[in-house]
Amino acid sequence: MPDTLLFAMEATLNGLTAGVMYALVALGFVLIFKASGIFNFAQGVMALFAALTLVGFQSGQIPFSHLINAMFGTRLHHFGWNMPTLLAIPATVLVMILLAVLVERFILKHLVNQEPIILFMATIGLAYFLEGVGDIMWGAEVKALDVGLPKGMSGAVDDVTFAWFGYGFYIDRLEIWAAGIAALLVAALTVFSQYTKQGRALRAVADDHQAALSVGISLRFIWVLTWSIAGIVALVAGIMWGSKSGVQFSLSLIALKALPVLILGGFTSIPGAIIGGLIIGVGEKLFDFFMSPIIGGATENWFAYMLALVFLLFRPQGLFGERIIERV
Amino acid sequence: MKGQGDAMRDTAPEEGYVTADGRKIGGVAMEMRNITLRFGGVVAIKDISFDIRWGEIRAIIGPNGAGKSSMLNVISGFYHPQEGDVIFKGYKRPKMRPYQVARMGIARTFQNIALFEGMSVLDNIMTGRLHHMKANLFQQALWWGRAQREEDENREQVEKIIDFLEIQHIRKTPVARLPYGLKKRVELARALAAEPSILLLDEPMAGMNVEEKEDMSRFILDVNDEFGTTTVLIEHDMGVVMDLSDRVVVMDYGKKIGDGTPDEVRTNEEVIKAYLGVAHE
């Protein structure tokens, strides 16, 4: 088999796993957009905040220690113990649920029936606020996140591909795990939204607020629920990205990569987010592989956005989005 | 005005009665007491009182802008009156959010249909039963014990309503694809699925042709007959209202100008004035 083909195959596989990581972030956007029509600009920062909180809990960091030290002249840093990961993750989930309650209480509640653009602006504000809070709470330095997921080259993939092709593919084990976890997450979300009472209520609210009220659904409860789920999805994305490249503030920028994913997959479709992520991931890697030698490197920085632009021209609702029909 | 309202309230005997066609009308289910509703400087409802009895079909009629829909929105908790009380089952109702009112057993339809357009007819009707489901998230997710039993029971109830309203053939159709008349019927089905103690219908026949109107009238009567549902409806079409309802409240410019049986209302001079128009002196 020619080497180019093998390399392209490896690039495709890597693209698929990278795409799963994009999809994880996009998923959080879709959830909130579906339920409330809000494009949540803060989704990326929520992933960052969740990861920061998780690391903070794990290492027994005292929240707001810099602030407390500056105000009272103390020298606090750590509680002096480490929280086991199995405890730190539920604790972080609780924090994300608390965040959802606060967002509803202080932002959404006051913006009922406002234009989507106003709600969007509010989430931009939330993004900056949360980034600041994360900084004050846990500090701005880059932290390593380890929740016990395996890392490094997958020996099995290497062996199998070597046996078949005489060339071992390099796949990060972390990314294989990410794909598995993403699949579980999507399955869980699908079961939740299709087969539970709360899921049905959530779809109802997404469709028509007034009608939802008239059948006895509390909008506030559903919003808290949606933002909690988005927070948990953000935590999963935060764990994956944090394990891969450390918990740092540039993590919030991965939200930007989710944008082309959403444009491809459609803002309202969970399967769309996954497929969109995979297409972007594979497209990026293959384009880079074939075109970089010709037009120079770093195509990964812009390829996704270019693809999104093309999509906007021909299929603005995305691959799986609901068709926008205006009746006159 | 107030004196007149009080007098009108006694048109039906206190302890209930049996109608000419043999339906049992009970005691007072809900009482609106001196309701006044303002939007800024505009007074939508001025000091209106009337009651609704168990099992009756109560109509609210009046020309455009009379405040009929506002009244319905007060009953369903979408608006909160500045003055007056809503007495439900003998107790003064505190200020409530619309979803809380819905959970108390007051279901409604809307003038401009409010259905979940992206969902199928069946799913839409199932949402009407949301607050009849008690299983927790865990049981539901695992489709286990109570959750499964509940879903089966609810499905059964919903299928009964689907049969009753003759919409079996569109059970799985997404609502967005249905014609107007059928949408109205699905909305009625969703309200009925909640097994409401009071059913509020906001212009159930608006925009329908004669045939559809006849169908809808038949359904409203059948529902009342079969389930004994107390129904409050708003309607423009005088003929329809007079045929359907047991008692009628007539509103004009936010005031109550008549209240009684269709025959009483028909001969009420103020009502004739409001509808036919009499030169203002």
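In case you wondered, yes, glycine gets a Cβ from its N, Cα and C as well.
The transmembrane segment feature in TrEMBL is assigned to A:12-33 (among others).
Residues or ranges marked as transmembrane segment by TrEMBL: A:45-64 (among others).
Under 8 Å from some Cβ of the transmembrane segment (A:84-107) lie the Cβ atoms of residues 46, 49-50, 53-54, 57-58, 122, 126, 130, 147-148, 220, 223-228, 230-232, 234-235, all in the same chain and six or more residues away from its ends. Among the features that TrEMBL reports, transmembrane segment is placed at A:84-107 (among others).
The transmembrane segment annotation in TrEMBL covers A:119-140 (among others).
Taken from TrEMBL, the feature transmembrane segment covers A:176-196 (among others). Under 8 Å from some Cβ of the transmembrane segment (A:176-196) lie the Cβ atoms of residues 16-17, 20-21, 23-24, 27, 31, 149-150, 154, 157, 202-203, 229, 233, 236, 240, 270-271, 274, all in the same chain and six or more residues away from its ends.
Taken from TrEMBL, the feature transmembrane segment covers A:217-241 (among others). Within the same chain, residues 21, 24-25, 27-28, 31-32, 35-36, 40, 43, 46-51, 54, 89, 92-93, 96-97, 99-101, 103-104, 108-109, 112, 145, 147, 149, 174, 178, 181-182, 185, 189, 192, 198, 201-202, 204-205, 209, 247, 251, 254 sit at least 6 positions outside the transmembrane segment (A:217-241) and bring their C-beta atoms closer than 8 Å to a C-beta of that stretch.
According to TrEMBL, the feature transmembrane segment maps to A:261-282 (among others).
Annotation source TrEMBL lists transmembrane segment at A:294-314 (among others). Residues 257, 259-261, 263-264, 279-280, 283-285, 287-288 of the same chain lie 6+ residues outside the transmembrane segment (A:294-314) yet bring a C-beta within less than 8 angstroms of a C-beta in it.
Long-range Cβ contacts of the transmembrane segment (A:261-282) within its own chain (Cβ-Cβ under 8 Å, at least 6 residues beyond either end) map to 12, 15-27, 29-31, 33-34, 39, 182, 186, 189-190, 193, 304, 307-308, 311-312, 317-322.
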